[in-house]
Amino acid sequence: MGDMGTTNHSEVTDFTLLGFRVLPQLHILLFLLFLLIYTMILLGNVGMMVINMKDPWLNTRMYFFLGNLSFIDLVYSSVIAPKAMINFWSVSKSISFAGCVTQLFLFALFIVTEGFLLAVMAYDHFIAICNPRLYSIQMSTCLGVQLVAGSYICGCISSVIETSMTFTLSFCASWTIEHFYCDDHPLQRLSCSNIFIHKLASFCLSGIIILPTIIVIIVSYLYILSTVLKIPSTKGRQKAFSTCSSHLGVVSVLYVAVSCMYLTPDTSPELSKVASLCYTLLTPMLNPLIYSLRNKDVKEALRKILGEKKKIYSFF
């Protein structure tokens, strides 16, 4: 392919995903762990989308947001997990240049979209708890659709910027990516270009995405906390806190991991891999459990669907 000192990205046909630096014997254990988590992601998120579509009682803004959250989690975990599992058994652990571009683009698109969607959901909770009488006016169906569409648009714009910046770099040092999927920081380490401007632009882009969404979430929950503390009923306070704690739990895991990955110096590749696991696999697995299985409406809808299937099977 030419001299290693002058080869650029246009001549690269394959990258190698190094994955986790563990003993080969542990690859089987990691494969089984990834398989278990990914199976739970598939069952939880597909199940949530099916329940949303099947039950008319769940045709509300909150469940519309949850349905989109499940779709986003399903897509970006599917961009990462299957390839990672294949590489546990593969000798070459290679990914094509086009595959690497696609993986980075889709992952960046949906992870950013999720960040904005979580901010939208925090605002939705704020309206529902702090202004319940005006909820149908302030959070109309049209506005809900616009907010979700805006989240996808922001995700798409940021993904185009990040992917185009990353793959205009020259890769001449090595084609071995110190990660289990194609991501911006590991790809930067392969570049022989001057990446100061790239790092600065990447940091600014991450800040523009992360900080405003965090501010919306924090402000929304400060108002929610103030309102909940004024509720005279202990049962009412517990119900409100239960709903909010679920959302805050997911937000905390996602944003702490993403902030560690993109807003801190890139000093430890292994630590970056662990942080990446939190938002590539752990969060998509936990979202259906936290948001859905603790929800009485979702449980009732699930019982109805399972009851209908039992009737069909008993008929045959």
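Glycine residues also receive a Cβ, built from the backbone N, Cα and C atoms like all the rest.
Per TrEMBL, the features are:
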TRANSMEM  28-51  transmembrane segment
DOMAIN    44-291  domain 'G-protein coupled receptors family 1 profile'
TRANSMEM  63-81  transmembrane segment
TRANSMEM  101-123  transmembrane segment
TRANSMEM  135-161  transmembrane segment
TRANSMEM  200-225  transmembrane segment
TRANSMEM  246-265  transmembrane segment
TRANSMEM  271-293  transmembrane segment
Look at every Cβ pair spanning the transmembrane segment (246-265) and the transmembrane segment (135-161), keep those 6 or more apart in sequence, and say whether at least 3 of them are under 8 Å.
no
Do at least three C-beta pairs under 8 angstroms join the transmembrane segment (135-161) to the transmembrane segment (28-51), pairs 6 or more apart in sequence?
no
Could you pull out which residues elsewhere in the chain have a CB under 8 Å from any CB of the transmembrane segment (101-123), counting only those six or more residues past its ends?
62, 65, 68-69, 72-73, 75-76, 79-80, 83, 95, 147-148, 150-152, 154-156, 158-160, 162-163, 166-167, 181-184, 187, 209-210, 212-213, 216-217, 220-221, 247, 250-251, 254-255, 258, 279-280
With Cβ-Cβ distances below 8 Å as the criterion, list the same-chain residues six or more beyond the ends of the transmembrane segment (271-293) that contact it, or say none.
20, 34, 37-38, 40-41, 44-45, 47-48, 51, 66, 69-70, 73-74, 76-77, 80-81, 107, 111, 179-181, 183, 185-186, 246-247, 249-250, 253-254, 256-258, 260-261, 299
